[in-house]
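First up is the structure itself, then whatever we jot down about it.
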Amino acid sequence: SKQKCFKPWSYIPNGIMPIFWRVVYWTSQFLTWILLPFMQSYARSGGFSITGKIKTALIENAIYYGTYLLIFGAFLIYVAVNPNFNLQWNQLQTIGIAAANTWGLFLLVLLLGYGLVEIPRSHWNGAKRGYLLMKTYFKAAKLMTEKADAEENLEDIMEEVRKVSESIKYNHPLRKCVDTILKKCPTEYQERMGRNMDDYEDFDERQNSYPSEKSLVKLHKQVIYSVQRHRRTQVQWQILLEQAFYLEDVAKNETSATRQFVHTFHSQEAENKIIQYFYTPTVEWYWECLLRPWFYRVLAVVLAMFSVIVVWSECTFFSTKPVLSLFAVFIQLAEKTYNYIYIEMACFLTIFFLSICVYSTVFRIRVFNYYYLASHHQTDAYSLLFSGMLFCRLTPPLCLNFLGLTHMDVTISHINTQPTAYTSIMGSMKVLSFIADGFYIYYPMLVVILCIATYFSLGTRCLNLLGFQQFMGDSEMTSDLIDEGKELIRREKRKRQRQEEGENRRREWKERYGNRDDSTRNRVVHTDQKESSFSETNTNRPLSKYTRSNGRTERDRIELLQDAEPLDFNADSLNDDPLELDSGRYQPGGRYLSMSRSKVFDDV
């Protein structure tokens with residue numbers, strides 16, 4: 001007996017989904033082809049005003065936009081001259097959509113072929129003992145090289161900024177641009193440059209050659225890039241150190257007889273009390289040393305099964321009689337029983353797995369330092385916008401590929417059924433039959449070749465041959481980098497241990513002799529106040545321009561006040577230029593806090 005089809009609670013009336021898809025599709029196309037490329041150039045520009053950045057972005061995108069306009073114009077002229085073509089606006093729209101989907105499908109298959117193999121393999125390798133630790137050592141060696149390069153690059157750029165800052169004085173017309181560049185520099189460089197500024201000197205155009213505004217724009221762009229790269233490598237290095245320390249703790253605790261996880265270093269961040277209550281050292285030991293490897297193995301097997309189903313369906317979804325695509329088989333079985341919830345869950349899981357395979361590959365792509373998605377909020381604006389462009393371009397062909405796998409696309413299944421809302425806005429692909437009947441159907445079969453190449457790491461081996469070090473277990477270069485990274489981690493670990501030991505000793509000293517130090521400090525401060533009042537009565541010259549040195553700690557000042565004998569001084573003999581008193585600062589109380597320069601004792 002045939003079952004009745006009940007109206008599901010999540011049913012959407014007719015006419016709603018086409019409007020929704022039309023808004024989503026054309027919005028994403030506008031973003032990926034027009035707005036986001038313009039925003040990329042705007043974010044990377046070194047202009048000092050909004051107008052200057054917009055002008056730079058328009059100039060950089062003129063070739064980008066002009067190329068598409070030239071191709072589209074030549075196509076329109078060809079259609080208008082050729083009498084065999086009688087295209088209308090809807091057909092032109094369909095051709096534009098087909099061109100965009102063709103480019104997106106070409107990129108989709110490349111990313112999908114990598115993700116279908118790499119995601120299950122990464123989880124399987126994550127369950128191996130010592131694999132993640134060896135890979136972390138390898139990353140540490142590479143990151144240290146990048147970190148040193150970023151620091152050297154930043155030093156070179158800051159030297160150029162210093163020269164420009166010294167040449168362009170306070171009343172120069174381009175001084176505002178220099179101040180804008182200085183604000184983008186790190187704080188320590190700003191203080192160093194500000195200390196050597198002589199703002200009382202006027203500029204003279206006849207004597208000195210000054211940089212142009214165009215050169216300052218270029219310098220501003222270099223400063224933004226170098227500072228961001230330096231900050232990113234510093235943060236990534238600290239994060240990688242924490243990961244390496246934790247993985248070393250896991251390796252040590254695997255042979256623990258107490259079955260309680262012991263950390264070498266305590267976490268610097270305050271943990272949630274609820275997590276501390278449930279995630280005890282015993283639970284952490286069972287999870288990290290016993291359960292997590294098996295969980296990763298099971299997850300890797302499940303993901304591998306999904307990958308095999310996707311590869312099989314990609315190669316056979318063109319066959320409608322018999323139906324060979326497993327996703328199409330599952331959906332058609334659910335259609336016969338009118339199981340709407342099952343259809344929704346099957347579609348959701350399929351699109352979810354395809355999205356993970358494609359989008360996770362986007363996060364792993366790195367084109368030198370031109371495009372790179374870094375974790376912990378360290379990605380620059382240009383890379384974020386570039387990834388947004390990729391997502392907007394990949395979403396429509398991903399949906400089209402899913403409809404082909406499940407035989408919901410009329411152009412593939414050739415079944416006279418009601419078209420989906422997404423297919424209705426795509427238009428009829430009969431205008432370009434060689435794309436609809438050829439490229440859309442047979443090109444996804446290349447995913448098999450890409451999966452085989454990824455399984456044997458052909459891309460990794462090619463990059464390794466070209467000089468880009470990649471993590472390969474059978475490579476001598478990889479072994480050398482692992483040893484180098486291991487030594488770097490060991491060195492940082494000893495440094496961290498010495499810091500913690502010093503902090504513990506200072507804490508114990510403060511707890512044991514804290515009251516005695518407080519009484520000594522109070523007695524010294526009282527004596528210093530009396531001597532300061534006596535000095536102020538005998539000194540008529542104001543000493544406000546001499547500042548206190550920040551290079552001494554409180555303990556050094558106390559010892560200096562206790563041991564040093566009272567010294568007479570003559571304020572008139574002191575140099576009036578505060579820049580020359582950088583390391584030998586004067587204190588209004590009649591004491592020298594730093595005596596590193598010999599000129600301090602000339603009048604004693």
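Cβ atoms are placed via backbone N, Cα and C, with glycine included.
As annotated by TrEMBL, coiled coil applies to 140-167. Look at TrEMBL and you will find 498-533, 551-560 tagged as compositional bias 'Basic and acidic residues'. Under the heading compositional bias 'Polar residues', TrEMBL lists 534-550. According to TrEMBL, the feature transmembrane segment maps to 23-42, 62-81, 93-117, 294-312, 341-362, 439-458.
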Contact set of the transmembrane segment (23-42) with the rest of its chain, CB cutoff 8 A exclusive, min separation 6+ beyond the ends, reads 53-54, 56-58, 60-61, 64-65, 68, 100, 382, 385-386, 388-389, 392-393, 395-396, 425
Given the transmembrane segment (439-458), its same-chain partners at Cβ distance under 8 Å and 6+ residues beyond its ends are 102, 105-106, 109-110, 112-114, 116-118, 121, 307, 311, 314-315, 317-318, 400-401, 404, 411-412, 429, 472
Model confidence for the coiled coil (140-167), as mean pLDDT, reads 93
Across 62-81, 93-117, 294-312, the most C-beta pairs under 8 Å with the transmembrane segment (341-362) come from 93-117
Same-chain residues at least 6 beyond the ends of the coiled coil (140-167) with CB under 8 Å of its CB atoms are 178, 181-182, 185-186, 189, 192-193, 196-197, 208, 210-211, 216, 219, 222-223, 226-227, 229-230, 232-234, 236-237, 240-241, 244, 469, 481-482, 484-485, 488-489
